[in-house]
Amino acid sequence: MYQGNPDREQHNAEKPPPSSAGGAQETIIVVGQEGQVKQPQLERRKGKLASKFPLVNISRNLLLAYQSLGVVYGDLSISPLYVYRSIFAGKLQDYQTQEAIFGAFSLIFWTITLIPLLKYVFVVLSADDNGEGGTFALYSLLCRHAKFSLLPNQQAADEELSAYKYGFAGQSTSSLALKRFLEKHKKSRTILLIVVLVGACMVIGDGILTPAMSVISSMSGIKAAAEHLSHGEVLLLSCLILVGLFALQHSGTHRVGFLFAPIVIIWLISIFGIGLYNIIFWNPKIVSGLSPYYIIKFFRETRKHGWMSLGGVLLSVAGTEAMFADLGHFTACSMRIAFSFLVYPCLVVQYMGQAAFLSKNIASIPNSFYNSIPDSVYWPVFVIATLASIVGSQSIITATFSIVKQLNALGCFPRVKIVHTSRNVKGQIYIPEINWILMILTLSVAVGFQDTILIGNAYGLACMTGMFITTFLITLVMIFVWQRNIALATCFLLFFWFIEGVYLSSAFTKIPQGGWVSLVLAFVFLFVMFVWHYGTRKKYNFDLHNKVPLKWLLGMGPSLGIVRVPGIGLVYSELATGVPSIFSHFVTNLPAFHSVLVFLCVKSVPVPYVSPEERFLIGRICPRPYRMYRCIVRYGYKDIQRDDGDFEDLLIQSIAEFIQMEAVEPQCSSSETPSFDGRMAVISKKTVQSTSTLIVSEDFGMSDSIQSSKSLTLQSLRSAYADENLQMRRRRVRFQLPENPGMDPAVRDELQDLIQAKEAGVAYIMGHSYVKARRSSSFLKKFVVDIGYSFLRKNCRGPSVVLNIPQISLIEVGMIYHV
């Protein structure tokens, strides 16, 4: 049991005026079942121990390593299709010699060794957030160990989640000054958010460029074998494959996932065998290219043109970021096994074999991979290459869906429809709007460029920018989360920034030759994300500064100056404390309101998952006769907000449990507390189910509830709604109050009122807001709010759709926000 510190609440938001807050303070109490609350943390520790010591669960890690081949490494595995062709494009065509090929192979080998193997496998995969990876996993870790977040609705209670305290405790003196500096200056926190959003934009850019790059590269093989086919016919075939790829997304990756790993394994074995054959048959001396001496010779001979060709070399590590982004589906140990023992050696041998072939066949550079395949196995390898390219495209598309969901959860992306395609695997989702936008943009890139060299320039720039940002965020994690010495973290930053900076500078030289596509895509998505986040934050701050004063509500009495009719009113609000200003519109304009009011706040917290035992925070607003409660429902940025159909019943049980607990817990009923708002308690779902205050019975059929309505029109509407929602027809929960002579009469009356209100019906009340900039605002702010944010709000999913609110019970009220 703990009591939260009210001084830490709303530390990221501007403090509202005392008059509007009504003097409310927040007190958070966790009641009972302490062992249940700590159980998820114990399970995570066991999982972490198993990931560090693979012998504890080696069979599971081997199975996950097998599965990761089809989900994670498809994009990285197909890079031999186009790397050498991209390196020797442009000015480097004048340096197509055996020494230059040896140098190119040496560059590829050391790039794969230093970035994917050394940086990602041994360092980055360790920077997980409760098993989750990706740019936002790093950002959430940083926000939990320092006050870097710009999200305004964080509470002290969020810090008590079992998934929140993950990492090292305390703070080293060497990083304390840097931490205070970043926390003090809002501009530094804004820059950090922009950096994270740019990294997310690059992932989305990969989702657009990867399918076009991989499919067109794989289809170039059919043109080499069937010379009678024109370039337009091959492009048309590539576009048909791309349309089919995106059209299959709605079925979910779980239905075709069993095909992915075998395809990638066969592909890796095939390129390993072809590479080994080419080494032995064409030029065994290529093994000497492993020496970095050939890199020096390469740049000594090619000079500036060799540096510009690094944009093609970095394509050999394109797709590496997926190793970290998809960490939540697997374990770090399983991904290390898959890469170190299969992917890495197969790629090295393939690149070595291609170099051996090209050293004796210089003219084959434009189509190096397919020309290096022996004739006897050409068509089987071509089929496998095409399938592997589709698998590689699938992985980055799925990663794009995941990153958009995280952006949406953290208030950085407009609301979209998220379809969960698997009941067992949480990360398998499908977003229709994003899928079709990706398809249109991918087809536009494929038709517009029609050349893998130009697409590769944009592709390489997006990939390396994402890696560059990951290196920066990992350095911050080393300092603030891992508590490493700043000097050690700086050495890591400088070493990899030097390597990646050289590649990135080379990629920037390709901006006129196609690289501009990545910048344009990143700018568009960044503008959308930042405008949405800015508008959402301004809207929240408006609500925060214009909360209904509790003194005003208390002065109106328990009836609120209007008629209280039977029923429960669920008032949705983004505020975690206080009464939103929209409620005053109801009280002053409506003649009646529900007898029980619940102010419901659905919020995201900077953790990947919130366990069901910690999801609900229940509290009271105003004294007991007012029958006004607050419920905060917390989700992690990777949680699934399913419409299970039992939300209302679980909410009623949780409130009943809070009422009963409040009567016996002195922390909740203390008369010394000056405010009636903000006293919250974590109500465990297991506690509700095991020690429920109410008697729960199930009634199958809805005839009683339909006929209980006096309005014939409402009866017909509910009947039609029941026909469309068979789940509601099949199952209806009824509550009864148990016989308990020792129960406080006031508690019994309150519970009885709650049951009667539930039987009368539940109405969902939500504001339909219009956000406008003040007249005194600058032109830029008016453009962002009045045009950009308003356009996004009008063309995205409504909040009622995202929150799965039944339309038959929805009440919306309009309100204008002048921010």
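Every residue, even glycine, has its Cβ placed from backbone N, Cα and C.
The region 'Disordered' annotation in TrEMBL covers 1-24.
The compositional bias 'Basic and acidic residues' annotation in TrEMBL covers 1-14.
Taken from TrEMBL, the feature domain 'K+ potassium transporter integral membrane' covers 64-554.
Within the chain, the transmembrane segment (102-122) has long-range Cβ neighbours (under 8 A, six or more residues past its boundaries) at 76, 83-84, 87-88, 286, 288-295, 297-299, 301-302, 306, 309-310, 313-314, 316-317, 320, 323-324, 335-336, 339-340, 344, 347-348, 351-352, 354-355, 359, 467, 471, 496, 499-500, 503. As annotated by TrEMBL, transmembrane segment applies to 102-122 (among others).
Tertiary neighbourhood of the transmembrane segment (190-209): same-chain residues 135-136, 138-139, 142, 148, 150, 182, 318, 321, 325, 396-397, 399-400, 403-404, 406-407, 412, 438, 441-442, 445, 455, 458-459, 462-463, 465-466, 469-470, 472-473, 517-518, 521-522, 525-526, 529-530, 533, selected by CB-CB distance under 8 Å and a gap of 6+ residues from either end. If you look up TrEMBL, you'll see 190-209 (among others) marked as transmembrane segment.
Residues annotated as transmembrane segment in TrEMBL: 229-248 (among others). Same-chain residues lying 6 or more positions outside the transmembrane segment (229-248) and placing a CB less than 8 Å from one of its CB atoms are 211-212, 215-216, 219-220, 222-223, 256, 386, 390, 393-394, 397, 435-436, 438-439, 442-443, 446-447, 450.
Outside the transmembrane segment (260-282), and at least 6 residues removed from its termini, the chain residues within Cβ reach (under 8 Å) are 66-67, 69-71, 73-74, 77-78, 80, 253, 342-343, 345-347, 349-354, 356-357, 359-361, 372-374, 377, 380-381, 384-385, 387-388, 391, 394. Per TrEMBL, transmembrane segment is recorded for 260-282 (among others).
Here the transmembrane segment (307-325) has long-range neighbours at 72-77, 79, 82-92, 104, 107-108, 111-112, 115-116, 120-121, 124-125, 127, 133-135, 203, 206, 210, 299, 335, 339, 347, 351, 392, 395-396, 399, 402-403, 456-457, 459-461, 463-464, 466-467, 470, 502-503, 505-507, 509-510, 515, meaning same-chain residues at least 6 beyond its ends whose C-beta is under 8 angstroms from one of its own. Per TrEMBL, the feature transmembrane segment maps to 307-325 (among others).
Taken from TrEMBL, the feature transmembrane segment applies to 337-357 (among others). Residues 54, 61-62, 65-66, 68-69, 72-73, 76-77, 79-80, 83-84, 101-102, 104-105, 108-109, 112, 116-117, 121, 265, 268-269, 271-272, 274-279, 282-284, 286-287, 289, 316, 323, 364, 368-369, 371-372 of the same chain lie 6+ residues outside the transmembrane segment (337-357) yet bring a C-beta within less than 8 angstroms of a C-beta in it.
Outside the transmembrane segment (377-404), and at least 6 residues removed from its termini, the chain residues within Cβ reach (under 8 Å) are 70-78, 81, 134-136, 200, 203-204, 206-207, 210-211, 214-215, 217-219, 221-222, 225, 241, 245-246, 249, 253, 260, 263-264, 266-267, 270, 274, 319, 322, 325-326, 369-370, 413, 416, 427-431, 434-435, 438, 638. Taken from TrEMBL, the feature transmembrane segment applies to 377-404 (among others).
As annotated by TrEMBL, transmembrane segment applies to 425-447 (among others). Beyond the transmembrane segment (425-447), the same-chain residues lying 6 or more positions past its ends with a Cβ under 8 Å from any Cβ of the stretch are 207-209, 211-212, 215-216, 235, 238-239, 242-243, 246, 249-250, 252-254, 326, 328-329, 397-398, 400-402, 404-405, 416-419, 455, 458, 517, 521, 638-640.
Annotated transmembrane segment per TrEMBL: 459-481 (among others), in sequence order.
Taken from TrEMBL, the feature transmembrane segment applies to 488-508 (among others).
What TrEMBL lists as transmembrane segment is 514-532 (among others).
Taken together, the residues in the domain 'K+ potassium transporter C-terminal' (566-818) have a mean pLDDT of 75 on the 0 to 100 scale. Among the features that TrEMBL reports, domain 'K+ potassium transporter C-terminal' is placed at 566-818.
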> In the same chain, which residue numbers or ranges, 6 or more beyond the ends of the transmembrane segment (514-532), come under 8 angstroms Cβ to Cβ?
Replying inline: 194, 197-198, 200-202, 204-205, 208-209, 311, 407, 411-414, 441, 445, 449, 453-462, 465, 507-508, 784, 788-789, 792
